[in-house]
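K.L.:
The structure under discussion is supplied below as C-alpha cells; questions concerning it will follow.
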Amino acid sequence: MSRRRRWVAAVGTLVVTLGVAVPALAQDSGPQDRTLQASGDRTSEVRNAIRGGRARNVILFIGDGMGDSEITAARNYARGAAGRLAMDELPLTGAYTTYSVQKGDPSKPDYVTDSAASGSGWATGQKTYNGAISVDAYGNPVPTLLELAKRNGYRTGDVTTAEVQDATPAVLGAHVVDRSCKGPESMARCPSNAKENGGAGSIAEQLVQTGPDVLLGGGKNYFDQKVRAGEFQGRTVLEQATAAGYQSVTDADGLARAGRDRPLLGLFADGNMEVQWTGPAARVGGTPPGTCQANPNLPAGAPKLADMTRKALDLLDRQDGNAGKGFFLQVEGASIDKQDHAADPCGQIGETVGFDEAVAAGTAFARSHPDTLVLVTADHGHTSQIIPNDAQSPGQTATLVTRDGVPMTINYGTSVAGRSQEHTGTQVRIAGYGPQAANVVGVTDQTEVFHTVSRALSLR
Ligand SMILES: [Zn+2]
C-alpha cells in the first residue's frame, strides 16, 4: 500500500468510526487501482498462465449468487469502474452454464438452478434437481470431490459464511434428498435419510461422518440438536463431532489459537454469519444517493471470510504425512445471494468485497505455492442490475455513491416488493489460475469443474 493509499485507508477508518456517511466504507483497500491495461498485448501472459498437469492443492471459491452484475456492482462501488477486484486478476476466464434438471427426469432442464443442485453439479459431476444435496435426479447418493479427495489422501476443508449445513457447503460432505434436512430434528422432508429410518442422517451428522479436516461457518443450532438413533442416540451432533476428534471454536480468537493436532470445527453463529455492511434498502421509487456502513450488529469476535480462509490454508498446508499430498478446500461467500434475495445492495456488495478479500488470500497462497489450482466462480446468477440513474423501474432500486464519486443505481426486479428476489438462469463467470486452469476458458458447464479438479488431483 502506498503512503497515499494508507492515508486514505486511515481516514476511511476514522470516518466510519465517527459514523459519518461519506466517504463510504472500504472503498480503498485491496488491489491497487489503476487504469485499464487492455491496450497491452497479453498473449504471452495468457500463454504463461496455461499449465497442464497435476496440482498439489485446489482452492475452489464460490460466490453464491455472484453473477457478472454482482461482481460489477461491487467493483464500481469499492474500486471504481476502472479498478479491479482480486478475482479480476486471475489470468484465465470463461463462462459456464448452471441449469439444473427435473426431479426424476434428468433429460429435461430446469433453467434456474438453486444452490443445492448447482453445488451438487460441481461436487459430483452430475446434474440434479433443485434442492438435492449430492444425490442424482432419482435421489441416489453420488460421491463428492471432498469425499474423493479425502479417500485419495488429501486433506480437505469446507468454509462458508452461511450455516455449514447450507446447500453449498453441504454438497461436499452430505447426501440428502432435500436441502432443508440440516439437523437430526429437521428431517421432515428426508425420511429416507433419517438415522432412525436406517439412513446416513442429517446434513450436520453426515458432515461430521465425512470428516473434513477444517469445517468453518455458522449453523451451531443444528449441532445442538440430538441424534435420534445409532451410536450417538440422545447426544448432540456437537458431542458426536467431539467424539470424532474435532476441536470446536466459536470466535476469531479461538480460530486463531486452533492447532493442527486435531480437525477443526468452527461454528461462529447459531444460523448464518452476520454480513459485513449495511446501508439503504432498495425500494420502489428509489432512495436518495447513500453509502454503505459497517454492520453494527456484526459481533466483535466474528472472523471474516478472509480470516477463515487464511486459517484453513495454514492448517491444511501440512508438509508431513501422506507422501506430501496437498489439499482440497472450498470457500463460499454465501450471503451475496442472501442479500440479493433481500434487495439489500450494501449487504450484497459488502459480502462480495469480503469474498474478494478471501480470494486475495487464496491467490497470495497460490503465488507462493505454484502447484495450486485456484478457481473462482458462482453457482447461479441473481437479481441485481445496474441501471441508469434516471430509469423509471417498476422494481425496487437504491442509489449508492461509488468510489468514483458518482451515483450508481441498483435495481431488484425479479419479484414483487416485499417478497424474496429470485435467482436467474444466466451463465456465470469462472476464472482460474494454476495447473488445469485452462479448462475454464470458453463456455463450459459447471459439472466440468468436477472433472477439472479430479484431473488436477488425480482423484479416483
Ligand atoms: Zn439463493
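From the backbone N, Cα and C atoms, a Cβ is placed for every residue, glycine too.
TrEMBL annotations: computationally assigned, not manually curated.
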K.L.:
Cys346 pairs with which of Cys190, Cys292 in a disulfide, per TrEMBL?
P.N.:
Cys292
K.L.:
Among His423, His451, which residue does TrEMBL name as a further Zn(2+) binder in the site formed by Asp64, Asp337, His341, Asp379, His380?
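P.N.:
The candidate from His423, His451 that TrEMBL ties to Zn(2+) along with Asp64, Asp337, His341, Asp379, His380 is His423.
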K.L.:
In whole Å, note down how far the CA of Asp64 (Mg(2+) binding site) lies from the CA of His341 (Zn(2+) binding site).
P.N.:
11
K.L.:
At the level of the C-alpha atoms, what whole-angstrom distance separates Cys181 (disulfide bond) and Asp337 (Zn(2+) binding site)?
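P.N.:
A Cα-Cα distance of 20 Å.
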K.L.:
How far is it from Ser115 (active site, phosphoserine intermediate) to Thr168 (Mg(2+) binding site), counting Cα to Cα, in Å?
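P.N.:
Rounded to a whole number, the Cα-Cα distance is 6 Å.
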K.L.:
Return only the integer: C-alpha distance in Å from Glu332 (Mg(2+) binding site) to Asp379 (Zn(2+) binding site).
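P.N.:
Checking the Cα atoms of Glu332 (Mg(2+) binding site) and Asp379 (Zn(2+) binding site) gives a distance of 10 Å.
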K.L.:
With the Mg(2+) site defined by Asp64, Asp166, Thr168, Glu332, which remaining residues of that chain have Cβ atoms positioned within 8 Å of the Cβ centroid?
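P.N.:
Neighbours within 8 Å of the Cβ centroid, excluding Asp64, Asp166, Thr168, Glu332: Ile62, Ser115, Gly119, Thr160, Thr161, Ala162, Ala167, Pro169, Gly333, Ala334, Asp337, Asp379.
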